[in-house]
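Listed in TrEMBL:
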type	residues	note
TRANSMEM	A:12-38	transmembrane segment
TRANSMEM	A:58-82	transmembrane segment
TRANSMEM	A:94-112	transmembrane segment
TRANSMEM	A:132-155	transmembrane segment
TRANSMEM	A:167-184	transmembrane segment
TRANSMEM	A:190-208	transmembrane segment
TRANSMEM	A:220-244	transmembrane segment
TRANSMEM	A:250-274	transmembrane segment
Amino acid sequence: MELVALQGLNFVYISLTLALVALGLAVVFGLLGVMNMAHGEFVMLGAYSVLVVQNAGLPLLAALPLALAVCAAVGWLLEYFVIRHLYRRPFDTLLATWGLAILMREIVEAVFGRDYKSVNQSLPGTVEVFGAVYPAYRVVLMALMVAFFAGLFLWYRRSNTGARIKAMVSNPALATAVGVNTAVLARGAFIFGVCMAGLAGVALAPLVRVEPYMGIDYLLSSFFILVVGGLGSLVGLLVGSTVIGGSDAIVSAITSKTGGYMTVLVISILFLWLRPNGIVARD
Amino acid sequence: MSKPHSLAISKLSGGYGDVTVIRDVSLTVEPGKIVFVTGRNGVGKTTLIKLIAGQLAAQSGNILFGERDMRAEPPHARRAIGIGYAPQESVVFDDLSVRENLTLQYRDRDLARYEALFASFPRLRERRAQRAGTLSGGEKKILSFCRAVAEDTQLVMLDEPTEGVQPENIERMATHVATEAGKGRGFLIVEQNLGFAERLADHAHVLDHGACIFETPGGADLRARLAERLAL
């Protein structure tokens, strides 16, 4: 029972985190049409924020504001100097962001070194959930993520900014005609997207090896999640994360890591083939 | 609204990319005046409006609004400065509700500013919770018309506002345009419905092959004068 509860908690934690990474990509790719190959590198920046905070002897939750600040700053630079000149030129964006991803990895490698870092596992403070002893830090993060998704869902449906984003996506010319500054809105959406990746990096840091090349896996997983879940809805995102995160975890546990990858790949190919709009198609 | 501005475009040329559609067009819309642009399909009427709205970049010439050169301003800034625009096609946000279409540019999201328009077009109020994509072509045009007329812009540009709209609603549109012009707002209207033009125009231009070939003041026999030119 304890083991099941522990596995269950880990599974929920991973799914939520993956959903957060994919949320960022869904905004940047799904709404703006920008193929950001450096998306995973923002996960990496988030994970390194945890390392920096830990080395400085600060409480781990301090990594959240640090990751947000770093990702927002880097995201702004990227959008301002590169991305905004390349909207509606997907292949150029892909090449440019791929180059930037390499640059970001190299810079982090130069500063922190090539080797794997790990964030201290024996965190102070645990709570008991359904009989399983679980780090309090992760429980707090899970609660934050659930609250965040719920809040975001309501905000996007009800707020004026949500309506403006939908307006910009469906009819950009008319959006500018009614006075929406689409350039600023798109920049905001891009920065929001990469910040989500950064937050996910913070959540992932205690579970995985932190190294400069860690981002690529998350870029791929996010694409698979969007393929399975479908673009354009938060429900699809959560369903996609559960399917991808779940099948990877289960198959990896039974066979090997490679088996997990294979399963995810096969599921994604089947979806692209049989149901290209994903489980929850955009209405 | 601050002190009224005139729109003055002179020797304006532009089009799509390197293709020039509009050549050396000049026209003026003074505060409170209703100016029509007409012409056959494909002569560049929509292109002209898009150049003024900033949806397309001008190749040469001037667009002055008051003292201010509009050519360097992006479209959303032109709207903020006082040039409203209702396009000919893709006139509403299909994915949004009617209410969101009418209020997304306002912080307060208040529908009160549409009271007078809702009184003329009650269907719009009835359908405010509905997705705008489910409206008929004419209803979308009315939604777009109301959105542009209710804005606080000194100039309103309407591109074929009556297309697909029922005659009694066209009559109501005309009443609203006349009322707003009476308050000092300028109107620049692209229209093929010559009856609508005759009812409202202070001045009319006929466009052909991207150039202004004829202009005439409004008046009782405007329809006949325009029809004669269009038949040539």
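Please read every residue number as a count from 1 along the shown chain.
The backbone N, Cα and C atoms fix where each Cβ goes, and this holds for glycine too.
Because TrEMBL annotations are produced automatically, they should be read as predictions rather than curated entries.
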_Outside the transmembrane segment (A:190-208), six or more residues from its ends: residues with CB under 8 Å to it_ = 13-14, 16-18, 20-21, 23-28, 32, 34, 36, 39-40, 42-51, 60, 63-64, 67-68, 70-72, 74-76, 78-79, 83, 119-121, 123, 135, 137-138, 141, 145, 214, 218
*asked:* For the transmembrane segment (A:94-112), I need the partner stretch with the highest count of C-beta pairs below 8 angstroms, choosing only from A:12-38, A:132-155, A:220-244.
replied: A:12-38
*Near the transmembrane segment (A:132-155), which residues from the same chain, at least 6 beyond its ends, have a CB less than 8 A from one of its CBs?*
2-3, 5-6, 9, 12-13, 16-17, 19-20, 23, 60-61, 123, 125-126, 161-162, 202-203, 206, 234, 238
